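Structure first, commentary second.
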Amino acid sequence: MLLLLLLLLPLCWAVEVKRPRGVSLSNHHFYEESKPFTCLDGTATIPFDQVNDDYCDCKDGSDEPGTAACPNGSFHCTNTGYKPLYILSSRVNDGVCDCCDGTDEYNSGTVCENTCREKGRKEKESLQQLAEVTREGFRLKKILIEEWKTAREEKQSKLLELQAGKKSLEDQVETLRAAKEEAERPEKEAKDQHRKLWEEQQAAAKARREQERAASAFQELDDNMDGMVSLAELQTHPELDTDGDGALSEEEAQALLSGDTQTDTTSFYDRVWAAIRDKYRSEVPPTDIPVPEETEPKEEKPPVLPPTEEEEEEEEEPEEEEEEEEEEEEAPPPLQPPQPPSPTEDEKMPPYDEETQAIIDAAQEARSKFEEVERSLKEMEESIRSLEQEISFDFGPSGEFAYLYSQCYELTTNEYVYRLCPFKLVSQKPKHGGSPTSLGTWGSWAGPDHDKFSAMKYEQGTGCWQGPNRSTTVRLLCGKETVVTSTTEPSRCEYLMELMTPAACPEPPPEAPSDGDHDEL
């Protein structure tokens, strides 16, 4: 197409056909000077001398192509050496040069420079550059197609290899799973036995400590040390009160002793201790760890003056109050609950014996082997899924877009960095830091029916505030390099991105032989 345009540009050698001003070459046969003129819409026929007489006779304005008489008429710019052009007849002789050859201002007094040759030269250079890009891009496109053919064959071979190896790996997994389960059975039994023995030892130790607490409480309650705890001795501990009046009555004490008046050590532990253990408070104060006093900086005090007689009398009076306070401070300490022994190393489960540890090590080795092969199987299955997806993906008529599959491209603007990962996602993030926002994930090819692979659609991006989810259309343009050239937001939350790629280059027409005699515009 581009070369065809280049061939149409050289018009300097074309034969000039006589026709009224403003008439195109394709319409000259309607304007024969020897015949009356019929309006192009067929509504009227007029003498030929009324064509371009600056009076509008035809409704369609076709009788005044070279004047501004008809508001709906059109003037044809020949623009020899460049592209012909139609302009509104109202713009003829308006003092503005609309045609590059200046023919529209033939009677306005405005002098128009003929710029058609220069415009044609620049147009030709631009088209030649575009044609060169198309040729080079298409050359690269053919390479991309061949590379995908080779890569696809390699991936298919790799897929077959993985699918064949998968069965062998699945068999290994099942074999090692059975070996693991076989090794874990004695491991569980050995661990359970070890824990059971330790828990029994802990229970025995706990019972022993409870007996020691009960014995200690019995000794404290047995004030006369006769080997028996009586009702009176039990009543010395009001905290054992059961009716909430703050005192342990004789009836309450007797109820605690199961109706007896006293109890020995054995009965005390079997019957009494369980009822009082949570309320009982020991008379032995706990050993407090001295807290070091904080030393405050000494303040300089003024010198002490000898007291006056009145001050001496005032100082003598508080002495009695101080003595009373000292007596209160000497009151016996409150009863304390018996202190349970702090946890020791004996309460931690001991290490396994050599035989049990050997069983555990064997089970662990079986687990490690199984997990390693199972992990390899999962990685193989993921590779198979990935290869199947890539091989079956629609990468264009000949797979020319396949090379984009594992790539990402960025475009940095004043505010954002846009990132396109073809066939995966589009995102944007603030240029100066911040989390990315999804502008859509791969949806489908979105070009028109006759050019399906000219655009991509990415959908279901991050939702806009009180709006739809973001989406992006990517237009694919022919270029020698792969680069994102622009990103815009023509509609709210709908983005348009342009990607230059050799894969979008069409096949150019054959180059026409150059004509040395007619190379001027």
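Counting starts with 1 at the first residue shown.
Note that Cβ sites are derived from N, Cα and C of the backbone, with glycine treated the same way.
Annotated range for region 'Disordered' in Swiss-Prot, selecting from 226-267, 436-477: 226-267. Among the residue ranges 50-53, 490-493, 518-521, the one that Swiss-Prot annotates as motif 'Prevents secretion from ER' is 518-521.
When you go through LYS59, LYS166, LYS378 in Swiss-Prot, the residue listed as N6-succinyllysine is LYS166. Between CYS408 and the candidates CYS421, CYS478, Swiss-Prot records a disulfide bond only with CYS421. Checking CYS99, CYS100, CYS112 against Swiss-Prot, the residue bonded to CYS77 by a disulphide is CYS99. Cβ environment of LYS166 (N6-succinyllysine): LEU377, MET380, GLU381, ILE384 lie under 8 Å away, each six or more residues apart in the same chain. Break the compositional bias 'Acidic residues' (241-253) down by DSSP state and the numbers are 4 helix, 0 strand, 9 coil.
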